Amino acid sequence: MSKMLYTLGGWVARNRIKAICAWIVVLVAAIGLAVTLKPSFSEDMSIPDTPSEKAMDVIQKEFPHGPDKGSIRVIFGAGDGEKLTGKPAKKAIEDTFKEISKDDSVDSIASPFVTGTIAKDGTVAYADIQYKSSADDIKDYSIKHLKDSLKMADDEGLQTELSGDVPGAEMEIGGVSEIVGIILAFVVLAITFGSLLIAGLPILTALIGLGVSIGLVLIGTQVFDIASVSLSLAGMIGLAVGIDYALFIFTKHRQFLGEGIQKNESIARAVGTAGSAVVFAGLTVIVALCGLTVVNIPFMSAMGLTAGLSVLMAVLASITLVPAVLSIAGKRMIPKSNKKIEKQSTETNVWGRFVTKNPIMLSVCSILILIVISIPSMHLELGLPDAGMKAKDNPDRRAYDLLAEGFGEGFNGQLTIVADATNATENKAEAFADAVKEIKGLDHVASVTPAMPNKEGNFAIITVVPETGPNDVTTKDLVHDVRSLSDKNGVDLLVTGSTAVNIDISDRLNDAIPVFAVLIVGFAFVLLTIVFRSLLVPLVAVAGFMLTMTATLGICVFVLQDGNLIDFFKIPEKGPILAFLPILSIGILFGLAMDYQVFLVSRMREEYVKTNNPVQAIQAGLKHSGPVVTAAGLIMIFVFAGFIFAGEASIKANGLALSFGVLFDAFIVRMTLIPSVMKLMGNAAWYLPKWLDKIIPNVDIEGHQLTKEIQPEIDHEQKKQISV
């Protein structure tokens with residue numbers, strides 16, 4: 001592969017305009033087509049074969065309600081000291097309905113004065129507006145007309161909010177906070193390269209690759225079920241790895257230029273060596289992300305595949321676009337000669353010396369720090385974000401709060417129960433009544449509707465309003481209590497609703513995490529054994545990754561679930577940990593951890609093979625690869641941290657997990673714990689049984705064999721004046 005990439009890098013360097021034009025054409029085509037085709041995201045997070053999904057299937061089969069029609073709920077709130085049942089407020093609401101009904105696409109309006117959907121104190125009410133078309137087909141004009149009509153009620157001092165199938169929700173790809181992350185990444189690159197111009201180039205190439213992947217994901221929504229959070233996740237990961245991968249090739253190119261190698265040859269060698277490591281690292285991340293498909297959860301599979309696509313584009317940009325940009329940059333990439341810096345670099349290696357002199361202290365401190373941070377993960381609670389976890393000024397949150405204020409917290413977490421009396425031994429109507437009575441007797445039940453049977457009378461729907469909100473532990477306990485009543489008197493109870501769905505998703509993900517973790521850890525151990533030809537180094541690396549994950553979950557629980565520092569991170573409300581965050585973080589952080597492990601430890605192995613001196617090998621790795629890993633880690637942290645301050649709760653959670661995960665893994669595990677433990681192991685760190693050494697393949701990750709092959713061909717170039 002190194003030889004092939006060497007050839008590719010050389011060709012791109014010589015045909016830079018063609019390469020850049022090709023990328024521009026692909027970028028314009030992808031974005032243009034994505035804009036032309038209106039994105040159609042699917043927010044369906046259901047999982048096949050779960051109890052809540054089975055309940056929905058029964059409802060659709062046994063309670064057919066005709067064509068699927070879009071419905072929007074309008075919530076009204078009275079002014080201070082007023083009631084909606086008063087004449088002025090009632091007239092304003094009725095006039096509003098008259099104005100709304102002028103839209104021909106409106107099928108019906110369920111007035112609260114007819115249906116009785118008014119709070120006991122008369123301060124809050126809601127009306128369901130049903131349209132003739134499905135939710136996806138509700139026209140922008142209809143939404144505008146609805147909002148304009150509500151201004152009539154607003155002018156009378158009423159509060160109006162919308163919930164339900166409201167199209168046109170803002171799609172978050174990026175924002176001010178993400179731009180701040182890019183700016184901080186730019187600062188890191190400027191310090192690393194000592195040039196503002198060069199610092200901007202890796203960001204430019206990363207953004208081009210990201211633009212293509214975003215366009216492809218948007219196009220993909222026309223064919224596949226992709227959630228909007230998948231787009232943000234793909235953008236987050238694609239940008240971070242795109243900058244990092246470009247950084248590795250930029251650094252290698254400058255190193256070769258500093259050795260006196262001609263420009264195009266230097267680019268070819270940089271792509272052949274660092275590019276090989278980038279391809280290996282990228283494929284590792286892609287495999288980890290695509291591995292999310294093994295859990296057999298549709299929306300998780302979509303997240304993994306879209307994020308994997310963004311990493312693939314980052315890799316392709318690194319080995320085809322970056323060489324073209326380097327060729328255009330020309331002599332500007334040559335590092336400035338500074339004898340003082342060269343002398344310091346040669347004679348000193350502060351961190352490497354410190355680590356090898358204090359391995360016990362650093363090992364113990366690193367492990368203790370990560371264990372302490374991991375403690376909160378012991379009371380991890382999983383769930384899915386609801387409108388109550390959004391910012392208080394968010395329209396969905398305002399609607400959520402207004403309904404909770406009028407009808408109680410549990411109104412937003414209603415449970416829909418499907419009662420199946422097919423096998424009932426008594427009269428089916430009496431069996432349904434008994435089931436309702438049993439449910440009313442449970443703790444924390446605010447209200448229960450009478451059973452509404454289907455035509456045949458063998459199925460019925462019962463709606464339960466809990467006393468607590470959808471993500472409250474008490475509500476989750478109520479779901480389990482209702483399910484435990486199943487089969488009494490021959491009535492089977494299937495529960496659905498947001499809380500029931502959350503429980504089922506959490507249970508399925510909890511079952512999937514051990515399987516996925518075993519696959520990832522096993523894959524990592526085998527992979528690193530092949531790369532480093534050692535047993536103990538991979539073992540320590542995997543153990544370090546496990547500490548990274550527990551610490552990452554610990555900080556997430558500490559902040560997101562327990563509510564510590566939520567004001568600092570601008571998180572509106574504390575709540576359960578995003579149900580898919582643990583397994584998603586395992587996949588992403590595994591790939592990134594292997595990146596840092598390969599870039600750092602492969603340099604150590606190279607030195608150990610030469611000198612057979614483990615201490616010298618550790619110091620060489622930290623000296624030569626440490627600065628690049630440090631810069632790459634900081635860039636990742638800044639980019640991911642920018643998403644903590646995004647608007648969407650799920651994106652905030654992922655941004656927090658990934659930024660702290662990289663912090664723990666890059667700086668505590670890879671730069672401190674791993675070299676410290678390797679110092680304690682000495683030569684044993686590189687032990688590999690002879691029989692195993694003969695079996696496993698010899699993998700050249702960073703293209704060292706390539707350098708040996710082409711060196712005779714380019715020796716004469718080093719004697720010439722650099723031609724740029």
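Backbone N, Cα and C define each Cβ position, glycine as well.
The transmembrane segment annotation in Swiss-Prot covers 17-37 (among others), and the record cites sequence analysis as its basis.
The annotation transmembrane segment is assigned in Swiss-Prot to 179-199 (among others).
Residues 23-24, 26-27, 29-34, 37, 39, 173, 182, 185-186, 189, 226, 230-231, 234-235, 238-239, 242-243, 245-247, 250, 306, 309-310, 312-314, 316-318, 321-322, 325-326, 329 of the same chain lie 6+ residues outside the transmembrane segment (200-220) yet bring a C-beta within less than 8 angstroms of a C-beta in it. Look at Swiss-Prot and you will find 200-220 (among others) tagged as transmembrane segment, backed by sequence analysis.
What Swiss-Prot lists as transmembrane segment is 231-251 (among others), and the listing cites sequence analysis.
Taken from Swiss-Prot, the feature transmembrane segment covers 277-297 (among others), and the record attributes it to sequence analysis.
For 309-329 (among others), the entry in Swiss-Prot reads transmembrane segment, with the evidence type sequence analysis.
Summarising the annotation, Swiss-Prot assigns transmembrane segment to 360-380 (among others).
The transmembrane segment feature in Swiss-Prot is assigned to 512-532 (among others); the stated evidence is sequence analysis.
Nonlocal intrachain contacts for the transmembrane segment (539-559), taken as residues 6+ away from its ends with a CB within less than 8 angstroms of a stretch CB, comprise 367, 370-371, 373-377, 379-380, 521, 524-525, 528, 565-566, 569, 571, 577, 581-582, 585-586, 589-590, 593, 597, 601, 653, 656-657, 660-661, 664-665, 669-670, 673-674, 677-678, 681, 685. Residues or ranges marked as transmembrane segment by Swiss-Prot: 539-559 (among others).
According to Swiss-Prot, the feature transmembrane segment maps to 575-595 (among others).
Look at Swiss-Prot and you will find 627-647 (among others) tagged as transmembrane segment.
What Swiss-Prot records for 655-675 (among others) is transmembrane segment.
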Surrounding residues of the transmembrane segment (17-37) on its own chain - C-beta under 8 Å, 6+ positions past either end: 208, 211-212, 214-216, 218-219, 222, 317, 320-321, 323-325, 328
Interface present between the transmembrane segment (360-380) and the transmembrane segment (512-532) (three or more C-beta pairs under 8 A): no
Stretch of maximal Cβ-Cβ contact with the transmembrane segment (575-595) [cut-off: under 8 Å; candidates 179-199, 231-251, 277-297, 309-329, 360-380]: 277-297
